[in-house]
């Protein structure tokens, strides 16, 4: 067997990630150029997977406590505390990921939490694997691959002065004014007209979420630079961003909880994911100018990857029924002759309201 020419060896190395001169997704130059961004992507993916594990552990803890004869508060369960700890680690990881990867790349990776939860629930909650879960997972993985591969390499470390300049730039000021106007209109219908449609609620969540990701990215970036020796924590804009992050996140959680209270999670999760991701991408493009030097093909493939991720989440959550906890009280609306707003008289032999005799099997069957 003869010796291969140098050019052929170079082309082979480029194809399989060797130190050749190729520029494909597996090549050495691609990795060297995108390694910081790739670390942020892997960190965000691992964090979202950890969040899906934590949510299933908490759900398992609630179900176990609900079936016990002596009811205990959920915070007495070690399993619940394990889930909360993992959830905290996942959120910290997501926060850190914004310091290494673009906003428009980290936000769509939230689909990993939704898709991962569908697969992990088979292990923790003994649910059956559906064909829709496999199809949705395949679409989400394909979309994630396209997102990572075709996203342009952009600087991820922003100084406090850069953040200050971005805050007073004309594109962001116009975007902020439009966002405030839309949010006020939605808030008017929500407060004055009592319109609590799922789109109204989740649109407000998404608008607040765009401010949250801008602030999180700025804070994470300035903390990362400060850890490297370039102190950024003495600038007032750092604390302004912290206040913006905490405030927008708090109101975001409020409206999201309202939506979860009024509608099924199977409807809230996919719509919220699409709205929040779209809002985060737009804010990243306008504030941090993440697609400023991107080629048209890269933008198209990135948007196509987002679409596949959206479809994956919708397919996974479609026609998915929630498992309700055991209810230890009677809904007045299910009692013949009683209205939903009716009151239950206190039991004269007990300090509890609406208690039932455990031996009364007929009442149990009726409830």
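Using N, Cα and C of the backbone, Cβ positions are placed for all residues, glycine too.
Nobody curates TrEMBL annotations by hand; they come from automatic prediction.
Listed ranges 235-253, 330-348; the one TrEMBL annotates as transmembrane segment is 235-253. Of the given residue ranges 6-25, 106-125, TrEMBL assigns the label transmembrane segment to 106-125. Using the rule of three or more Cβ pairs under 8 Å, pairs at least 6 apart in sequence, the transmembrane segment (294-315) is in contact with the transmembrane segment (106-125).
Contact between the transmembrane segment (197-223) and the transmembrane segment (132-152) is not supported: fewer than 3 Cβ pairs lie under 8 Å, counting only residues 6 or more apart in sequence. For the transmembrane segment (132-152), the neighbouring stretch richest in Cβ pairs under 8 Å, chosen from 38-58, 79-100, 106-125, 172-190, is 106-125.
Note: the stretches the transmembrane segment (38-58) and the transmembrane segment (235-253) are not in contact (fewer than 3 CB pairs below 8 A, sequence gap of 6 or more). Sequence-distant contacts of the transmembrane segment (235-253), counting only residues of its own chain at least 6 positions beyond either end whose CB sits under 8 Å from a CB of the stretch, comprise 160-161, 163-164, 167, 205, 208-209, 211-212, 214-216, 218-219, 222.
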